[in-house]
Amino acid sequence: MGARASVLSAGELDKWEKIRLRPGGKKQYRLKHIVWASRELERFAVDPGLLETSEGCRQILGQLQPSLQTGSEELRSLYNTVATLYCVHQKIEVKDTKEALEKIEEEQNKSKKKAQQAAADTGNSSQVSQNYPIVQNLQGQMVHQAISPRTLNAWVKVVEEKAFSPEVIPMFSALSEGATPQDLNTMLNTVGGHQAAMQMLKETINEEAAEWDRLHPVHAGPIAPGQMREPRGSDIAGTTSTLQEQIGWMTNNPPIPVGEIYKRWIILGLNKIVRMYSPTSILDIRQGPKEPFRDYVDRFYKTLRAEQASQEVKNWMTETLLVQNANPDCKTILKALGPAATLEEMMTACQGVGGPGHKARVLAEAMSQVTNSATIMMQRGNFRNQRKTVKCFNCGKEGHIAKNCRAPRKKGCWKCGKEGHQMKDCTERQANFLGKIWPSHKGRPGNFLQSRPEPTAPSEESVRFGEETTTPSQKQEPIDKELYPLASLRSLFGSDPSSQ
């Protein structure tokens, strides 16, 4: 990071950090943006050291500008960052990124006018391309520089690591900037695997070549001296044309950009391959119940890049489906933000949803609702399991226990009042299973009837039959005594009720 931090001097760094990212926005450029730009340039096989000078930034802008129409958001952000850095190097006062882009556009228009004026003064109106890999040597001839092994290695590495994910297309566009059809075929031939995808790409190229031949028929008659023949579809694809013919078409006046045409065909085929390798539709991307909102947004935009739709349709998908397919927790938060909320505000609001803190808050809210409902039931008298009031053994008052009693501690046993033992060891008046003190010297145990009440009115039998009913009962008692002489209960439970 130290080397990347040396891109700007102290004074230039102060100016850099005063420039805003957007007009009227609060965020400003920081050192991390330069670090990110240098890493992106390394990923695109471009020397990050070019950022240290204004001329290097101008070269980077010249390579990135043709890809802005078909490039990704990362490519546009890289272009904007380098453009702003160029203004800082050139000591051009700008307030935000938009103003820096306007300054770059003005400077490019001025340079074009100067070049046209110089060509008119010298009598040479031919606008010769100076773009890499076609350069002009010291003799003024246009020569071709073969694509470097480093570029090929970067392309093969991307295909091996990413297969045919959506980010492969902007990577191919950046690596093939200014390339001839022969260079593009070299890049395609270095792909060893994924032959099914390569076959699909060949079919797309053949279809586009046939469409080119249909729209651009060959003019009848001989070719004028000094003029080149018109390229056919197979010539643009590099199968029936030589390298010198390709350079001639690209540097002719007016030029025929066979390299850019062939590149568009390849990108069209790559889009079909990306759609095949990413079968998931944007409509199927939904946030899981425990998935962080950040991971859901990453999956959403990755699938959105593979969708073959216009930018207006993609904007509608983002505004509608991103909120609609979120989980209930995030959807509630996003709807509360309103339709004009930015992605940064959405991610900040849903940052903790699904994590332990959010779960704890939801659980606390649920518990508070349950507690409130229980309180309402108790107030209405529907709560039956009311706790019994406790009573203190020390002071005899209710509402607290002896452990929390503030009264002076009573000495001795709390049950019998004697000293020398505690209540748990007290043997005074220990109750048996019948609920009374045992042994008892007062007759029968407590669960027996102590006295039988005598009836105050004669029974129904005595009223009906008179003395006939009373005589057998009087005779039955001595018979029972004679048959069961040992049946007295006195020996077991004290006084026998039959002997009373």
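Just so you know, glycine gets a Cβ as well, placed from its N, Cα and C.
Among the features that Swiss-Prot reports, region 'Interaction with Gp41' is placed at 7-31. Same-chain neighbours of the region 'Interaction with Gp41' (7-31): 38, 51-52, 81, 84-85, 88-89, 94-100, counting only residues six or more beyond its ends whose CB sits under 8 Å from a CB of the stretch.
What Swiss-Prot lists as motif 'Nuclear export signal' is 16-22.
Residues or ranges marked as motif 'Nuclear localization signal' in Swiss-Prot: 26-32.
Annotated region 'Interaction with membrane phosphatidylinositol 4,5-bisphosphate' per Swiss-Prot: 73-77, in sequence order, evidence recorded as similarity to another entry.
The annotation region 'Disordered' is assigned in Swiss-Prot to 106-128 (among others).
Here Swiss-Prot flags Ser148 as phosphoserine. Counting only same-chain residues six or more apart in sequence, the Cβ atoms lying under 8 angstroms from the Cβ of Ser148 (phosphoserine) belong to Ala45. Annotation note: Ser148 (phosphoserine) sits in a coil segment as assigned by DSSP.
The list of residues near the region 'PPIA/CYPA-binding loop' (217-225) in space but at least 6 beyond its ends in sequence, with Cβ under 8 angstroms from a Cβ of it, reads 232. Marked as region 'PPIA/CYPA-binding loop' by Swiss-Prot on the basis of similarity to another entry: 217-225.
Taken from Swiss-Prot, the feature zinc finger covers 390-407 (among others). On the 0 to 100 pLDDT scale, the zinc finger (390-407) averages 84 in this prediction.
Sequence annotations record features per position, and here Swiss-Prot assigns zinc finger to 411-428 (among others) based on sequence analysis. Proximity of distant same-chain residues to the zinc finger (411-428), defined by a Cβ-Cβ separation under 8 Å and at least 6 residues beyond the stretch ends, is recorded for 393-394, 402.
Annotation source Swiss-Prot lists region 'Disordered' at 438-482 (among others).
The annotation motif 'PTAP/PSAP motif' is assigned in Swiss-Prot to 455-458.
Among the features that Swiss-Prot reports, motif 'LYPX(n)L motif' is placed at 483-492.
Residues 40, 64, 67, 170, 173-174 of the same chain, all 6+ positions outside the region 'Interaction with membrane phosphatidylinositol 4,5-bisphosphate' (73-77), place their C-beta atoms under 8 angstroms from a C-beta of that stretch.
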